[in-house]
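Record features (TrEMBL):
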| type | residues | note |
| --- | --- | --- |
| DOMAIN | 14-294 | domain 'Protein kinase' |
| BINDING | LEU20, GLY21, GLU22, GLY23, THR24, TYR25, GLY26, VAL27, VAL28, LYS43, LYS44 | ATP binding site |
| ACT_SITE | ASP136 | active site, proton acceptor |
| REGION | 295-411 | region 'Disordered' |
| COMPBIAS | 302-324 | compositional bias 'Basic and acidic residues' |
Amino acid sequence: MGELDLSKKVADRYLKREVLGEGTYGVVYKAIDTETGQTVAIKKIRLGKQKEGVNFTALREIKLLKELKYSHIIELIDAFPHKGNLHLVFEFMETDLEAVIRDRNIFLSPGDIKSFLQMTLKGLAFCHKKWVLHRDMKPNNLLIGSNGQLKLADFGLARIFGSPDRRFTHQVFARWYRAPELLFGTKQYGSGVDVWAAACIFAELLLRRPFLQGSSDIDQLGKIFAALGTPSPSQWPDMVYLPDYVEYQYVPTPPLRSLFPIASDDALDLLSKMFTYDPKVRISAQQALEHRYFTSAPLPTDPDKLPRPAPKREPKASDFDSHEGPTVLSPPRKSRRVIPGRDGFEGNSLQRDKVDDNVGNSRQTAGDTAGKNDPAPMSLDFSVFGLKAPNRPTINSADRSHLKRKLDLDF
Ligand code: ADP
């Protein structure tokens, strides 16, 4: 069978239904797998706009994601190219955590919050153990199935397809979950970035609104320091050496209790450990799972007894309120331009974000650990597996047959 025929045959296996939404990388469709009768979600990734198309490394990384099977990770069932797009087939999920948090008709008990956080951390701990980072943790990437099981979605895609473009409103929201080391432009980061984001999600479950809603990267750091206190160099010695470090006005650390009046002592203790500034000292996902919060009463709610949300809608900027943070005092080495109206929700914020670009281009390094005793998980950099990335042919390049041959083998 010709390669194009094969690609068509795979594509024909899935019967497309309605559009589920437009995501960071393209449209997501609901579809039926005609071979199994299973409902699936197909993410169609536009390759036309990619400068270099999807290279071999990306395809191999996708293959690795296919092997990342766990009850709290969304399953990548299939991946195939079709008509210049890459199609990723995932198990279909009913809703997501953002819809749960946003639904005012839902009451979240302390046991419910514990259950959602536990499933999130289980998914993270599994992937970090396999040396994979998520890098785009946010409530709408935590999908929930009909049995209440929460699963991490979009694992590793930021790494494979480059950092999401900030053009879309939903990407602006992603800033709210970004760790301070990323906001200060670190090139070397570890699983701690996912733990920080999980802490923001934990806080959001407690507050029922996003915790730290910065309108720019500088404002995001300001919001973090206003809420959790400005870190001192002794608390986070590497901070002052980060590429985009700027000194912020000193704000003493307020008691977390003042921000989360209804949370238990155990919840606040875990939250403060997840919100540790120095990524080398920050608790790991596995250590967080072993925290007494998960074994003290009330126990985590059984997933099938968790509340279900009403049908979800797209978030609007007006849904959220913001609060002021401390101001930047002086840029010791390097100044960062803040253009009023450029970031956040004012204007159409079409600019790409600098920190995001840094993140997209950076590689995970083995030396950057999240928890002190953890092996350092790496993003899917194939040097780790001893594989050499070949030249970078693209799906759109003249060398289609070569690539197709490779795809036939891989998928
Ligand atoms: P984003 O890039 O903003 O994270 P996605 O590309 O993940 O968005 O998803 C776009 C839309 O498709 C969202 O409404 C999301 O809920 C939906 N979606 C994504 N994956 C699935 C899935 N596996 N099952 C059901 N809906 C999904």
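Heads up, the Cβ atoms here are built off N, Cα and C, so glycines get one too.
Known features from TrEMBL, placed on the structure.
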residue	record	Cβ neighbours (10 Å)
LEU20	ATP binding site	16
GLU22	ATP binding site	12
THR24	ATP binding site	21
GLY26	ATP binding site	19
VAL28	ATP binding site	17
LYS44	ATP binding site	19
ASP136	active site, proton acceptor	25
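Residues ILE45 surround the recorded ATP site, their Cβ atoms falling within 8 Å of the Cβ centroid of LEU20, GLY21, GLU22, GLY23, THR24, TYR25, GLY26, VAL27, VAL28, LYS43, LYS44, which are themselves excluded.
Checking the recorded positions LEU20, THR24, GLY26, VAL28, LYS44, ASP136 against ligand 1 with a 6 Å cutoff on the Cβ atom leaves LEU20, THR24, VAL28, in sequence order.
Taking the Cα atom of each, the residue listed as 'active site, proton acceptor' and THR24 (ATP binding site) are about 11 angstrom apart. Summed and averaged per residue, pLDDT over the domain 'Protein kinase' (14-294) gives 89.
Under the DSSP three-state reduction, LYS44 (ATP binding site) is assigned to strand.
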